[in-house]
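In what follows, a single structure is set out as structure tokens and then discussed.
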Amino acid sequence: MDEKRFLKRFTESDLVPQPRSRFLRVECVDCGNEQIIFGNASTEVKCHICGRTLAKPTGGKAKILTKIKEVLE
């Protein structure tokens with residue numbers, strides 16, 4: 001296979017690995033506070049204002065227990 005055909009087959013996103021983890025902007029359903037949390041949190045994440053649990057660890061991705069407003073890149 002010649003070089004041009006090889007390079008056409010693969011885009012830059014195929015060659016450079018991208019992280020699978022994301023940061024999330026979430027809103028507390030109790031008090032309406034918005035905060036940014038890590039999608040793969042390894043500890044329980046609580047709201048800074050009211051203390052409600054927003055995310056629980058599951059061994060991989062965190063279980064999000066509130067409303068996700070935005071996924072940050």
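Every residue, even glycine, has its Cβ placed from backbone N, Cα and C.
Quick look at what Swiss-Prot lists:
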- 28-50: zinc finger (ZN_FING)
- Cys28, Cys31, Cys47, Cys50: Zn(2+) binding site (BINDING)
Looking at the binding-site residues Cys47, Cys50, which one has the fewest other Cβ atoms within 10 Å of its own Cβ? Cys50
Please count the residues of the zinc finger (28-50) that DSSP assigns to helix (H, G, I), strand (E, B) and coil. 0 helix, 7 strand, 16 coil
Same-chain neighbours of the Zn(2+) site, Cβ within 8 Å of the mean position of the Cβ atoms of Cys28, Cys31, Cys47, Cys50 and not counting those residues, run in sequence order as Val29, Asp30, Gly32, Asn33, His48, Ile49, Gly51, Arg52
